[in-house]
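Chemist: Pasting in a structure now, in structure tokens, and then I'll have a few things to ask.
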Amino acid sequence: MAPEERASRAVALCFLPFINTATSLAPSVTTSSACFGMARSSSSLLLVFFVLCCCSCVRGFRSRHAPARHDYRDALSKSILFFEGQRSGRLPAGQRMSWRRNSGLSDGSAMHVDLVGGYYDAGDNVKFGFPMAFTATMLAWSVIEFGGVMKGEVANARAAVRWATDYLLKATAVPNTVFVQVRFRSSFISRFLPLLLKPIYLQVGDASSDHACWERPEDMDTPRTVYKVDASNPGSDIAAETAAALAAASLVFRKSDPAYSKLLRNRAINVFEFADKHRGAYSDRLNHVVCPFYCSYSGYQDELLWGAAWLHKATRNPSYLNYIQVNGQTLGADESDNTFGWDNKHVGARILLSKAFLIQNLKSLHDYKGHADNFICSLVPGTPTSQAQYTPGGLLFKMGDSNLQYVTSTSFLLLAYAKYLTYSSKVVLCGGATVTPKKLRSIAKRQVDYILGDNPARLSYMVGYGARYPKKVHHRGSSLPSVVSHPAKISCSAGFTGLYSPAANPNTLTGAVVGGPDSSDRFPDDRNDYEQSEPATYINAPLVGALAYLAHSAGQL
């Protein structure tokens, strides 16, 4: 091989890791080594110098050629840290959100069960199981898709997943004699297993009583009432979402903790069977408890499809693929609902199942690629079927109450789908328009950048990120003096001075993403405006994955 050809080959090998970034997110060590190996094989010192310079330039190409406007790595770290501010239960020695202390240590005692732990969903002190399970699913999906590029943050991300799943295991506890044999159950056990299940505990705390107080979680004295679903009071939606969370998390821990992964997977199988056997929406029987906070507006069909999709992925059991093929249409696989969040999972299920078609080449799931494409086409401005609304500043706008939850979930789906399309060398056809993976990444990046400060207000909607961010977050623990600085109890009514105070929150809820601006890009930073100023775990969960991808693509990870 001529020296010139060797030089060209070496330079090409240098570029290869970055050409392949979309399909293998981490740059290849072997190709980098090959780059130097080719250079060393040259008989010309000048050629060696040339190749080394080229390799060096390429290796720093992403960060030096197009420096990112945002520190996505910092935002990623903070987005995960936020979950420590939402922890309930006995905090670990490594707790980094140091102004928080133990809380809810008697949760579940009213029903003689241990329900200590888990997350408070938002700015109150109630543990709502439905959004918590969705949070766990999306945190797990973030790690599954982009954990390979999170580097030092992947351990924190796993810890955030585990804090939720440890609680979900408690909430779905069953006798070990039933659970151990679940994968190998006989037809007899399969028939009667749902009847042997203990109830699924879905909520701790009375929302109405909690919302009548403004107090720190460490001071809670409102009723910690426990609510459940069982065979007589079904809740297919919350049960199937919980199954999805446990199944997804089992993939997160498959290599790092195989025993825990197996426990999660087996429990997911158990809980999904219960959800499918005893069908019904949990808010039908518990309307007075969960509505209007977390009513199951979309019904339970979407969760059954979503749960089956995750169990198919986690177990590789063909029975779940058969379930999807037989029940997909009746469960709403091709419905035109294009909003993805804690209530409606149809879009997420379509994207996840399209991955099995695009990457695993499961031909029987071909239709889900079309269903996913329809969702994509509804989002892309300028396409014939575009339906999405955007603010004047460019933010995707679904609804006024906590709109950023839909922005973060949509951004994650766009990046995940772009990854699948790139791997399979596919595009999306929207009428006469062709939408490439690059376009999807561009849309997602624009949305995340808006959240981080590229907006008309020049305000970051992530607390603690950037020069300007919300200071009056609708959050009880953040808005009242911490137990560290004020050890004395702050009573239910006395805490309202914190709610109505004009001062900034005394405790920074680092990484929290609030509900966000209105349809005209306006944001009042008003603590009493929960629609715009309240953070939530399900806003942050999908953002973790999106930020990991963007940090990597910008050369920050």
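Backbone N, Cα and C atoms are what each Cβ position is placed from, and that goes for glycine too.
Please treat TrEMBL annotations as automatic predictions, because they have not gone through curation.
Per TrEMBL, the features are:
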DOMAIN    72-547  domain 'Glycoside hydrolase family 9'
ACT_SITE  His474  active site
ACT_SITE  Asp525  active site
ACT_SITE  Glu534  active site
Chemist: Roughly how many angstrom lie between the C-alpha atoms of Asp525 (active site) and His474 (active site)?
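Modeler: Distance between the two Cα atoms comes out at 9 Å.
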Chemist: Just name the winner among Asp525, Glu534 (the active-site residues) by count of other CB atoms within 10 A of its CB.
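Modeler: Compared across Asp525, Glu534, the most Cβ atoms within 10 Å surround Glu534.
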Chemist: What is the pLDDT of the domain 'Glycoside hydrolase family 9' (72-547) when averaged and given as a whole number?
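Modeler: It averages 92.
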Chemist: Report, as a single number, how many Cβ atoms besides its own are within 10 Å of the Cβ of His474 (active site).
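Modeler: If we count other Cβ atoms within 10 Å of His474 (active site), we arrive at 24.
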Chemist: About how far apart, in whole Å, are the alpha carbons (Cα) of His474 (active site) and Glu534 (active site)?
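Modeler: Glu534 (active site) has its Cα 5 Å from the Cα of His474 (active site).
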